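Below: the structure, in structure tokens.
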Amino acid sequence: MSAAIASLASYGSDSDSENESESKTSIEKVDPDHPDATAHLKPLQSGPTMSLAVLNSAPEVAVKEAVETGIHLDPSLKEVTYNPTYETMFAPEFGPMNPYKSQQMSAPRNMLSGYAEPAHVNDFMFEQQRRTFSTYGYALDPSVDTHEASSCSYIGAVEEAEKNKGLTVFESGQKKPEKRKKVKGGDAGEIDNFLGPWAKYVDEKDVAKPSEEEQKELNEITAKRQKKGRNEDEAPGEEKTILHVKEMYDYQGRSYLHVPQDVGVNLRSADAPDKCYLPKKQIHVWSGHTKGVSAIRLYPRSGHLLLSCSMDCKIKLWEVYGERRCLRTFIGHSKAVRDICFNNSGTQFLSAAYDRYLKLWDSETGQCISRFTNRKVPYCVKFNPDEDKQSLFVAGMSDKKIVQWDIRTSEVVQEYDRHLGAVNTITFVDENRRFVSTSDDKSLRVWEWDIPVDFKYIAEPSMHSMPAVTLSPNGKWLACQSMDNQILIFGAQNRFRLNKKKIFKGHMVAGYACQVDFSPDMSYVVSGDADGKLNIWDWKTTKLYHRIKAHDKVCISALWHPHETSKVITCGWDGQIKLWD
């Protein structure tokens, strides 16, 4: 670059010296008035010239006046070369500046025509005024209180509003009700007095009326019909009891509720036998029920007595040891008895029957202490096992509710109404703080005591109804008889999860609520089935170990005696109760 500049400089100096010599000679010879006389003074234009590009590194700076006038920034600009003022940044793009516009209002519009302020307007009122304005040209002024109606409370065609008395589209469209023409036979309101089309031709003297005797007969017939129309069983069945033994008390004044101590087993002990064995043969049959047996329950703790309820409407109390006699029959239900439940001491028990009554009985005297009903069929009944809550019991009803009664007041004190079908079972778990219920809605719900909202709801698409549930002796598991011919095991602590490793199959129970039970040492699971068979599974392997033909009809319940190693009691719809060992 420097060499090029030097050559240009030398070239320029040579040409200047030549021009000077030529000018000197030309001054002498040429006329100064000649047009070419001054040609030598013009710059020499010979050959191509080289021009250098102009570079301006200084940034463009806005004129002070332009900044102060508050010209709005172009929203498409990506770069600003000066510090614009607040007014410049928020100046309107079109039209004058809105003096009431705040920074918040300058945010993007919320509708096409601008920003619409939210207002609490009844949809119907708005539509009414809009239609009125489009039809008649006037509407109520929204800024004026509507209670102060006057000519100034309208906008638009105020004269039209005064003429129409401010009627809206809906009001003005209504026609005044015309007076109805009287129809032959009178007005519709007088229909009670209408005697028919021939009334004017009939003389009251000629009307046939029943005599006094006939009227009495008619009244009796109508009264009977009304009774039939109502539920025949509204009045509870008359309660009575039959004692089947000669003496109610022994020589020491003890009743049959006294726990015997000469049966070879310590029935007062709370400990379960160490090892249980499979029952092999039938050793006794209790017969006395004339129809199928619905449920059997052992006397609490000792198990020396057996309570049974049947479809023959009767409840019977049997001896498990000694002569195994029928001790007492309790009669008081007018329809089949569905469920029974002892209290903790065994001195009282509850019965639930299809006559819609729950009855509390005295186990020793056979007296009916009280009765409860809410006009629905009770499907299951349970005393609260807590010692301080022995006056409370719950019953699962046909109307999807679990109802809690207080024995002392005979009043309903709580209702658990969450199931979608009739409630089949109630089982207390977790040291009696909670209870589990199953229903025809194919779900299992867990409730806190006295809180009418279920805190756990278990329902899977694959689940079936589970009409029989039993708690294991260790309180950890719930055995549920499922209607798909399986016994499902749910955890009874905290999570209530299905134990998929413990599923007991191989029996037919679909359609029947066959009661399940555990052996006292938790080594076996027993259940009846629809064929009248007693099925025994191994708890650990879930294998079906043993099957006995126990009853001619459905074997509806199986109980393993809590103090015996191999004694199982079964009952069936053939009306018999059997003892196996």
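Glycine residues also receive a Cβ, built from the backbone N, Cα and C atoms like all the rest.
Note that TrEMBL annotation is computational and uncurated.
Listed in TrEMBL:
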| type | residues | note |
| --- | --- | --- |
| COMPBIAS | 21-39 | compositional bias 'Basic and acidic residues' |
| REGION | 1-45 | region 'Disordered' |
| REGION | 207-239 | region 'Disordered' |
| REPEAT | 286-320 | repeat 'WD' |
| REPEAT | 330-371 | repeat 'WD' |
| REPEAT | 416-448 | repeat 'WD' |
| REPEAT | 516-547 | repeat 'WD' |
| REPEAT | 548-581 | repeat 'WD' |
Suppose you look only at the repeat 'WD' (330-371); what would the mean pLDDT be? 95
For the repeat 'WD' (330-371), could you work out the same-chain residues 6 or more beyond its ends whose Cβ comes under 8 Å from its Cβ atoms? 231, 233, 236-243, 255-257, 291, 294-295, 297, 299-301, 305, 307-317, 377-383, 385, 387, 390, 393, 395, 405, 407, 410
Are there residues at least six beyond either end of the repeat 'WD' (286-320) with Cβ under 8 Å to its Cβ atoms? List them, or say none. 237, 256-257, 259-260, 263, 267-268, 270, 326-331, 333-346, 349, 351, 353, 361, 363, 515, 553-554, 556-557, 559, 561-563, 569, 571-579
Within the repeat 'WD' (330-371), count helix residues (DSSP H, G, I), strand residues (E, B) and coil residues, in that order. 0 helix, 23 strand, 19 coil
Tally of helix, strand and coil residues over the repeat 'WD' (516-547) according to DSSP? 0 helix, 18 strand, 14 coil
